[in-house]
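A.B. asks: This is the structure I have questions about; it appears just below.
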Amino acid sequence: MSSVIQVNLPQTSYNIIISPNSLGSVGRHLTSLNLEQKILVISNPEIFDYYGEIVINSLKQAGFKVFSHVIPAGETYKTLDSISKIYDTALKHRLERASTLLALGGGVIGDMTGFAAATWLRGINFIQVPTSLLAMVDASIGGKTGVNHPQGKNLIGAFYQPRLVLIDPIVLKTLPVREFRAGMAEVIKYGVIWNQGLFNQLERQKKLDSLDSINLETIQTIITQSCQAKVDVVSQDEKEAGLRAILNYGHTIGHALESLTGYREINHGEAVALGMVAAGKIAVKLGMWKEEMSQRQKNIIQKAALPVIVDYPLKSQAILESLQLDKKVKAGKVRFILPTDIGQVEIREGVPSEVITRVLEEIKM
């Protein structure tokens with residue numbers, strides 16, 4: 001059972017292929033793109049140990065000349081220094097403009113590989129083979145690439161679209177439970193901002209905390225619906241001039257929490273979950289959303305065993321100050337994405353700081 005979603009943008013188009021056991025046929029899929037021979041696979045040690053051989057063998061069988069570059073796992077390595085090391089490997093193997101960088105891994109690997117592809121020789125081919133749920137439903141789609149700065153997440157980056165996104169849901173079997181739950185945060189986000197049917201489906205599930213609690217057919221449906229939601233938005237607003245900003249639901253406070261904890265204590269999905277809880281509460285206080293809706297969202301987040309309380313010694317003032325460094329700040333005003341109904345949100349500027357502070361105090365231990 002396979003699904004294909006076409007992404008049509010003003011200057012390019014590509015497919016998202018969602019197909020179980022497709023990792024072993026990555027070479028065949030790339031052959032149809034008429035790529036030049038050289039491919040540099042970028043991964044982290046654990047993912048490369050699991051899937052590097054099957055991907056490289058498939059590429060070689062399809063006639064590609066394959067090299068690899070492994071980056072230590074984690075947000076702390078999502079830096080310009082890591083990008084420079086990718087450039088070194090690209091230079092060593094004489095990658096040219098017609099060559100390809102292939103991201104085999106989660107969101108961190110995808111973001112860095114895409115940024116390296118966008119900037120090496122002013123742009124070479126880029127392929128996404130996401131191995132985490134978060135990367136499958138979010139990070140691999142839409143062309144956002146980049147690295148972190150010590151003072152903020154993804155402050156250095158570029159929009160650069162892949163030639164193909166190949167998703168094999170089977171690889172989720174080796175994904176750590178905590179990372180699976182992190183991906184569910186982005187899935188829940190799509191239900192709140194765009195797809196009421198997806199939200200209702202998540203509500204019907206008894207648990208969302210591991211692959212053991214969701215059968216393969218259901219997880220593939222959830223992945224497909226999530227990808228389609230993101231494609232619907234990105235197709236209308238590729239470079240975040242307006243509508244695409246709604247994809248940042250939960251990310252405003254979420255990014256601040258990640259930054260203030262040094263990208264170590266809390267992962268991206270956990271931060272987004274907390275950000276969604278906060279955004280829901282802000283919307284209620286502003287009279288935009290009903291308390292009942294906020295509680296329904298919170299219940300789904302808890303089904304995924306994601307946090308709804310900030311269990312870290314952070315001061316509300318520090319979080320407020322970090323919000324000012326968010327890349328979505330416009331004319332000095334923090335922009336929040338706030339829900340008005342299930343499947344609908346608004347972009348709101350100028351939320352009173354006292355409202356934000358009150359909500360931050362409510363979600364802290």
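Backbone N, Cα and C atoms are what each Cβ position is placed from, and that goes for glycine too.
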A.B. asks: According to Swiss-Prot, His251, His268 bind Zn(2+); identify which of Glu186, Glu346, Glu349 is listed for that same site.
C.D. replies: Glu186
A.B. asks: Tell me the Cα distance separating Glu186 (Zn(2+) binding site) from Gly107 (NAD(+) binding site), rounded to the nearest angstrom.
C.D. replies: 12
A.B. asks: Quick one: of the binding-site residues Glu186, His251, His268, which has its CA closest to the CA of Ile109 (NAD(+) binding site)?
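C.D. replies: For Ile109 (NAD(+) binding site), the spatially nearest of the binding-site residues is His268.
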A.B. asks: Check the DSSP secondary structure of Ile109 (NAD(+) binding site), expressed as helix, strand or coil.
C.D. replies: helix
A.B. asks: Please report the DSSP secondary structure of His268 (Zn(2+) binding site), reduced to three states.
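C.D. replies: Looking at the DSSP assignment, His268 (Zn(2+) binding site) belongs to a helix.
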A.B. asks: Measure from the Cα of Asp111 (NAD(+) binding site) to the Cα of every one of the binding-site residues Glu186, His251, His268, then give the nearest.
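C.D. replies: Of all the candidates listed, His268 is nearest in space.
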A.B. asks: Tell me the Cβ contacts of His268 (Zn(2+) binding site) under 8 Å, same chain only and six or more apart in sequence, or just say none.
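C.D. replies: Those within reach of His268 (Zn(2+) binding site), by Cβ under 8 Å and sequence separation of 6 or more, are Glu75, Gly107, Leu134, Ala182, Ala185, Gly254, Glu258.
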A.B. asks: Could you tell me the C-alpha distance between His251 (Zn(2+) binding site) and Ser132 (NAD(+) binding site) in angstrom, no decimals?
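C.D. replies: The Cα atom of His251 (Zn(2+) binding site) is 19 Å away from the Cα atom of Ser132 (NAD(+) binding site).
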